[in-house]
Amino acid sequence: MLGQMMTQPLLISSLIDHAARYHGQTEIVSVETDGTVTRTNWGEIAANARRMGSALTKLGLQPQDRIGTLAWNNRRHLEIYYAASGAGFVCHTINPRLFPEQLVYIINHAQDRVLFFDATFLPLVAAIRDQLTEVKHFVLMGPRNEDALQQIPGLEFYDELIETGDTDFEWPVFDENTASSLCYTSGTTGHPKGVLYSHRSTVLHSFASNTRDVIGYSAMDVVMPVVPMFHVNAWGSPYGCAMSGAQMVLPGPDLHGEALVNLIDTYGVTLAMGVPTIWQGLLAHAAKCGTKLESLERTVIGGAACPPSMIATFREKYGVDTVHAWGMSEMSPLGTANIPLAKHRKLPIEEQHKLRENQGRPPFGVELKIVDDDGNDLPHDGVTQGDLMVRGHWVLDSYFQLKDQELLQDGWFATGDVATLDPDGYMTIRDRSKDIIKSGGEWISSVELENIAVAHPKLATAAVIGVPHPKWDERPLLVAVKAEGEDPSEAELLEFFDGKIAKWQVPDKVVFVDALPLNATGKVLKRKLRDEFKDALTG
């Protein structure tokens, strides 16, 4: 016997319709590529998305055709999010900071039919357009620009294309398992791989994100996603904010500390989201200019392990709660979020603070386990380390156009992380499988060493890598960036590890660099560091 309840498909178009209907006047602030600020609202975003959805349909596209974007966090990009998916196409957000050869591969592999791009990327698109064999429409995200038209003959313009759309366009209704959006992971070996999300997985992910024990967007919030919209759908924030009716501040291309501090203080941002490297710049500028960040209530930090010193600075200096989270493209990306349990209120304050340093617990919809090298389940005791496995409602089962390749292990996806799980489900990432340092048969966590190093007041940032050693196979090397105006010695930095870890885990050497190589989302490119310093202990 079946239940007698209504059945309605979980579609992304329903999110923007909800935002328009019940939060239509809620403001969206957008920093454009030229630095100007546009103030709009959910009602206008929804109306424009509907018109653009109609305009795309009139181009003669087929259902499920891919719509590519090379764009920053701005209002037009937000409109495309809903226009493409809502009209039955697939919104393919592309990382513009990849090498041109990688971009050509990704756009052709995805078979994008339309490519929207911000003015910032006009020279890039002009240089590779002849290699983009599947793209039929190149669209500059802005008004008509004659100079751009000279560079790309036949170029179309967002502000003109949207005028061809109907204001009364009706969103099509289809199976909720229909593909909605596409992101490519930057593979460490071989070509990047596509992760194809569905309407169902995206809406369920939004429900989970909106719970109080995860991110908990609210109509009372002013949300600034600093994580790019080309990176795993900006962690789902455009969908979660529409579902909750939160205000949004879209920061555009300038993600330096000064620009972000100004946006927080000017528009009363209450919740901001980004990777640790972004917050390092923000905290440095906040300290320099003396702001109190009075409106900011919480930050969500993911993408890489968050140093405990950063959590402490946010808490102690600015009264900001930090939600340490973890996920990956293959998980839409939400996997865990660190929110304390009721029983933790009774813990001494120092233990409460220590608890907030791990990556947190999974929400309903995600399951975690750890296994040994033979695939055997390991205990959730908070001590035993193993390979982290996941499954859930918004976890992939195969990569785009690679459905025939066996990916899952007994229904579980191998994340490539080494982790521990405690009895309450709190997960701690010990390292990436490829980054953990194997020295004399023992494992050394590069993350643990980095957390200690970046707490040194004379360092701006640091990374730890394993490099070849003639006796121990591998040993840790500290790659450090000095703080402005500081000149720490190698001995001074190595002494900083005393009493914090076992002596045999202390890095063998320190090398100083002007900056760490980062990818587009702020993650350190450790493979590049390993290549550069592979002879540091043997040469």
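Each Cβ is built from the backbone N, Cα and C atoms, and glycine gets one as well.
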| request: Kindly point out which candidate in Asp372, Asp373, Asp417 is recorded by Swiss-Prot as part of the ATP site with His231, Gly303, His324, Ala325, Ser329, Gln359, Arg432, Lys523. | output: Asp417
| remark: Largest C-alpha distance in Å for the ATP site residues His231, Gly303, His324, Ala325, Ser329, Gln359, Asp417, Arg432, Lys523, as a whole number, is 19
| query | By the DSSP assignment reduced to helix, strand and coil, which category contains Lys523 (ATP binding site)? | reply | coil
| Among the binding-site residues listed here, Thr185, Ser329, whose Cβ has the fewest other Cβ atoms inside 10 Å? | Thr185
| request: Could you tell me which of these binding-site residues, His231, Lys523, has the greatest number of Cβ atoms within 10 Å of its own Cβ? | output: His231
| Taking Cα-Cα distance, which of the binding-site residues His324, Asp417, Lys523 are within 10 Å of Thr185 (Mg(2+) binding site)? | none
